[in-house]
Amino acid sequence: MKKSNYLIIIAICAALLYNAWILAFWLNPTVVNSSLLSGLSALNQPYHQLFTLTDILFACFSLILAWGLFKQNEREDKRLLIIFLSIAGFDAATGLATLFPYADIAHSEGIPNPFKAPELFLHDGLSVLALLFILTGVIFLLLVYRNKFVLLLVIAFVITTLLSFIAGAIPQLVGPLGQQINGVLGGIWLVFICWRVLNGTSKEVHKEN
């Protein structure tokens, strides 16, 4: 086992922590089937400390992953650097969003007024920023590693990201499924980019123009 393979373990742990919301199908099925995932961390919900903790741990693991990939990468491709920065930005925004939890489920619906509820507005803003960071990373993944799997991953991620934005702004229009699939795809992306960087001899890696 190569010394750098510890990053694969970190990536898998980060992916599992990011998708800890799956536990809510047993711990809080009402919310996970009807609300945004942030609702699981609302202060009036059972196990909200657990889901807040998993978000914080995810941010820590993923920041370590981003730094580790940066140090391990041997390719002179600035697009990979953008991917690493996207991971770091995604992690930081997700972690910071935990500092501004919803008070209850009702506050997780729609766009909050920045003057009446600045903390909630910050939470939603950081959540959107996190999605934009990971969306950037996913798109640049396609520019570096060009194959059908990555193309399908990008298409699915773009669609579910749009559904996540709609669910946040107009929760009555779409349900939480799009955001949930987006979370799973985000976890897959983290593990995949880690594996590809550590196995960077693939012919699918194109030199930067």
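Here the Cβ of each residue, glycine as well, is placed from N, Cα and C on the backbone.
Quick look at what TrEMBL lists:
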| type | residues | note |
| --- | --- | --- |
| TRANSMEM | 7-27 | transmembrane segment |
| TRANSMEM | 47-68 | transmembrane segment |
| TRANSMEM | 80-100 | transmembrane segment |
| TRANSMEM | 120-143 | transmembrane segment |
| TRANSMEM | 150-174 | transmembrane segment |
| TRANSMEM | 180-198 | transmembrane segment |
Residues sitting near the transmembrane segment (80-100): Cβ under 8 Å, six or more positions beyond its termini, same chain? 18, 38, 41, 52, 55-56, 58-60, 62-63, 65-67, 69-70, 73, 119-120, 122-123, 126-127, 129-130, 133-134, 136-137, 140-141, 144, 190, 193, 197
Considering only Cβ pairs within less than 8 angstroms, which of the stretches 7-27, 120-143, 150-174 has the most against the transmembrane segment (47-68)? 7-27
Other parts of the chain folded back onto the transmembrane segment (150-174), taken as Cβ under 8 Å at six or more residues beyond its ends: 35-36, 108-111, 124, 127-128, 131, 134-135, 138-139, 141-142, 181-182, 185-186, 188-189, 192
Same-chain residues at least 6 beyond the ends of the transmembrane segment (120-143) with a Cβ under 8 Å from one of its Cβ atoms are 38, 79, 82-83, 86-87, 89-90, 93-94, 96-97, 100-103, 107, 111-114, 150-151, 153-154, 157-158, 161, 164-165, 168, 182, 186, 189, 192-193
If we skip the immediate neighbours and take only residues 6+ beyond the ends of the transmembrane segment (7-27), which ones have a Cβ under 8 Å from one of its Cβ atoms? 33, 37, 40, 46-47, 50-51, 54-55, 57-58, 61-62, 64-65, 68-69, 72, 94, 180, 183-184, 186-188, 190-191, 194-195, 198
